[in-house]
Ligand code: GLN
């Protein structure tokens, strides 16, 4: 059994939402914590199970329309995630998981489906599928380098006054309004796959720092090579 001081990472609904290797976000967080001597415990919460309230960092991934609707229904019945966030836990929600955090999103026929209202956003089906590489400059308040990743979604997302845009798109569609993702408190929503935290280890460190404070730097040469290759391919291609 891990000690009480282990960082608890909660991976929500691997049975419904985990497209494009989004589970890699869990691995990156685990690895970056352990490389700094921080023990971790990862909990995989299937959609038949309640969300534990005692996690430190929660992760939810992308998915097709039907599993997304099912995931939203199950999360609506369960207030564990709301309670965890209210007590200071961090959350990274990707694509379908991001849309679910809002008040509504578009179902497979474009019908509005109720989300869980954790973020002040609403999503609907956009005019065309957004597919391809995405590059975006992060809100300077967060002090992160440019974001890289890829997107594949029909939805567009409207931000309310209760959230701030995570970043401004340089390439790609993101929310559909010139911005990509949003954040509020310790909750980050994004359309980025890649997985997002492998492409953007500084974002992983931001989530970790919200729970454990200042972090020692790591040798990120491999991550940097991946980022450089992807950024060059988009910006010079
Ligand atoms: N089903 C959602 C959309 O198409 C989310 C897609 C995804 O998670 N990749 O907008």
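Cβ coordinates are placed from backbone N, Cα and C, and glycine is handled just like the others.
Per TrEMBL, the feature domain 'CobB/CobQ-like glutamine amidotransferase' maps to 8-200.
If you look up TrEMBL, you'll see 95 marked as active site, nucleophile. DSSP assigns residue 95 (active site, nucleophile) to coil in the three-state reduction, outside any helix or strand.
The Cβ neighbour count for residue 129 (substrate binding site), using a 10 Å radius and every protein chain shown, is 13. What TrEMBL records for 129 is substrate binding site.
In the three-state DSSP scheme, residue 193 (active site) falls into the strand class. Feature annotation from TrEMBL assigns active site to 193.
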Exercise. Can you check what DSSP calls residue 129 (substrate binding site), collapsed to helix, strand or coil?
Worked result: strand
Exercise. Those recorded positions, 95, 129, 193: which ones have a Cβ sitting under 6 Å from ligand 1?
Worked result: 95
Exercise. Do you know offhand how many angstrom separate residue 129 (substrate binding site) and residue 95 (active site, nucleophile) by C-alpha?
Worked result: 13
Exercise. If you draw a 10 Å sphere around the Cβ of residue 95 (active site, nucleophile), how many other Cβ atoms fall inside it, taking every protein chain shown into account?
Worked result: 27
